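*Asks:* Take a look at this one; I'll ask things after.
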Amino acid sequence: MGRIQIVYSPDENVSGRTNRPGKEVVDPRTGRIIKVKRETPDDYLNVLKPIKGPKRMEFNPYLPKTLTPKGYAKFKLMMNVASKQYETLVKRLKTERTLWEDPDFPANDKAIGNLPDFRERIEWKRPHEINPNAKFFAGGASRFDIEQGALGDCWLLAVVASISGYPQLFDQVVPKDQELKGPEYVGVVRFRFWRFGHWVEVLIDDRLPVRQGRNTLVFMHSNDPTEFWSALLEKAYAKLNGCYAHLSGGSQSEAMEDLTGGICLSLELNQKERPSDLIDQLKIYAQRCCLMGCSIDSSVMEQKMDNGLIGSHAYSLTGVYPVNYRGRTQWLMRLRNPWGDSHEWKGAWCDGSPQWREISEQEKKNINLSFTADGEFWMSYEDFVTCFSRVEVCHLGLESLEYNQNFHGKRRLDEAIFSGQWQRNVNAGGCINNRTTYWTSPQFRITVEDPDPDDDDNKCSVLIGLMQTDIRKKVGADFQPIGFMVYNAPDDLNTLLSRAQLLTRSPIAKSQFINTREVTAQFRVPPGSYVVIPSTFDPNIEVNFILRVFSQTSITEQELDEDNTNQGLPDDVIEALKLEDTLLDEDQEIEQKFLAIRDPKTNAINAVKLGELLNNSTLQDIPNFQGFNKELCRSMVASVDNNLTGHVELNEFMDLWIQAKGWKHIFIKHDVDQSGYFSAYEFREALNDAGYHVSNRLINAIINRYQDPGTDKISFEDFMLCMVRLKTAFETIEAHPKNIEGTSLFSAEDYLRFSVYI
């Protein structure tokens, strides 16, 4: 079914179309000049799609799939306000000659959070009050600048240290040209973080927590007492997460994603779960567009061990290199402790160990070997997998880097991203265990066209991440168990896989279902097309989500959907009705009843008479159905009343009668327990059985409009009301004039008349 175009004209009777709102154009049918006054463009739904260009990919996952033109206008207004927030605030503060105090993150114990040791022992001071020579940067950012404070956020420190060495990553998070003194200084600092699918700017004031009576920063700080960018960055991240306390004991993977926009994969190193080809994977990751970190599980926070390593502590994995050692290849891992001090590995290949004497000077030069107490050290692959618990790998994609930027000499990975919401009774079908509802879950098709260039097995590495909105730290809610299934896509697939198709297919890959912010899994598959189905574990759980797919080679993506079409009652339903009429002979009887009650002047009946007729027929023989009421009968009249007379003639009635019997037949099929209701999850299948195929956006509107909010079910009355209104809508659109593109053209008056008479 084509689109609808409403065109306003001076006399409200002339229809026309233009691609440019606000211009005078000539109506191709009348030759008259008309003026178009639309506020929302034809392609407004394109804002739901990611923008892929030379810059970082732009995407707003908070826009609902059900976006309307009114919603679009509100969204544009909000975006304009948000984009000017920083400039507007700075301008106001300069006019008022005041320093900003952030009302959303006040300088008090609320910002500190649940850290009892610091309650009422903190003062808040601005950088110039802590050090009169305070600067945002002192000689530029470096991974050796940063020191951890009293907060257990070494995981954040490790990632900040890692990205500080790469301007293409660091400058996105820490905007340049920020000063802590001078005519432009107003006490406002800004940072950017990637959050649930897009980059957000976080504004903070520059008041920082210091120990009472001393000018020493409590939390993250620079080893240069005049430099404050790292302390302010930590504060902005604390604001994003609710308070400083929420930064204690996090994971590197979360910080990696929030500071790069990449997607993280966790690799367990214990012997049972360790991949058999781990060293090959690490070699490839070291050569790809990736950041890597690692950690050691320990029951004691930051436990210092005899071998120089620290338990429950995050490290950066900065390199994987082979060296020739005693005639064989020895793989070495280069790591860095974010504390940047002498707490380093003390075993084989540590700084100054005898093993290095047997390595050629050229090889030492090739790997930039140096021995200083800077927290950076080397160890063998064998010791690494024995001592460490996991590796976290962050793959950088279209949201992480601009088109002309690279990382380790490698281009960013290709990326596809989808956003959605699991909605109760619509598409929150749960996992495959829920056989009657699983098929309603969102479906996305991806196509990977070429195998990986850095191996020879003719397969593609595909990394899939499913993320749910992070409300845990904001409102204390728990994450829901989420996961996804991957299926081979039929060659001709352009619409949703049906319930029957899904229940007879086996997934080629699947993730675990875990109650974490994000679930990721990596697969190696031949080039081709695949269907990814994300879901919660249980049905009827409402959560916003984004689904991301990364690959070294190009990806094409499509949200699977149906076109809005009316194909009429299927042949099997028509045949069933013929058989039924042979047995009951009701068609002739109902025709005689119509003739008996018609108005002799018009040979037609109104909605009241229609109700009397239908309530004395077999159509009303449905459990718990209270009969054809006035509202339902009015809509039934409207569905066949082509000239808006408010009456139904005999031929119109008989057409409606046949269709109504077909709709009743379909309702009974889905009302398996003969209760007079069926589940809202079955509505789409019932519509398909009636010949109506509707899009994801339309089924959402239908279910929200016609389900019983108390039972989450569809009654016979609401089902019939939906059927007749869909009939009216489809036939109105099909009958209306169209342009060369198949878009239906409505004047404002026509649209309003059909909207109210339905």
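The backbone N, Cα and C atoms fix where each Cβ goes, and this holds for glycine too.
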*Asks:* In Swiss-Prot, which of 83-102, 323-342, 563-582 is labelled region 'Linker'?
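*Replies:* Matching range for region 'Linker': 563-582.
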*Asks:* Would you kindly give the Cα-Cα distance separating Cys154 (active site) and Asn643 (Ca(2+) 1 binding site), rounded to the nearest Å?
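*Replies:* Per the Cα atoms, Asn643 (Ca(2+) 1 binding site) and Cys154 (active site) stand 73 Å apart.
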*Asks:* Cα of Glu652 (Ca(2+) 1 binding site) to Cα of His313 (active site): how many Å, rounded?
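*Replies:* Approximately 77 Å lies between the Cα of Glu652 (Ca(2+) 1 binding site) and that of His313 (active site).
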*Asks:* Let me know the most crowded of the recorded positions, choosing from Asn337, Asn643, Thr645, Ser675 and counting other Cβ atoms within 10 Å.
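*Replies:* Output for this query is Asn337.
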*Asks:* Quick test of the contact rule: Cβ under 8 Å, at least six residues beyond the ends. What residues does that give for the domain 'EF-hand 1' (658-693)?
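*Replies:* For the domain 'EF-hand 1' (658-693), the list is 425-426, 429, 436-437, 440, 499, 539, 562-570, 573-574, 576-577, 580, 587, 614, 619, 622-625, 636, 699, 702-703, 706-708, 711-716, 719-720, 723, 726-727, 730.
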*Asks:* Does DSSP give Tyr677 (Ca(2+) 2 binding site) helix, strand or coil?
*Replies:* strand
*Asks:* State the residues, same chain only, that lie 6 or more residues beyond the ends of the domain 'EF-hand 2' (694-729) and have a CB under 8 A from a CB inside it; answer 'none' if no residue qualifies.
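*Replies:* Here the qualifying positions are 65-66, 423-427, 442, 559, 561-564, 566, 622, 624-626, 628-629, 631-632, 635-636, 638-639, 656, 659-660, 663-664, 667, 671, 676-680, 682-684, 686-687, 754, 758.
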*Asks:* Rounded to a whole angstrom, what is the C-alpha distance between Cys154 (active site) and His313 (active site)?
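*Replies:* Cα-Cα distance, Cys154 (active site) to His313 (active site): 6 Å.
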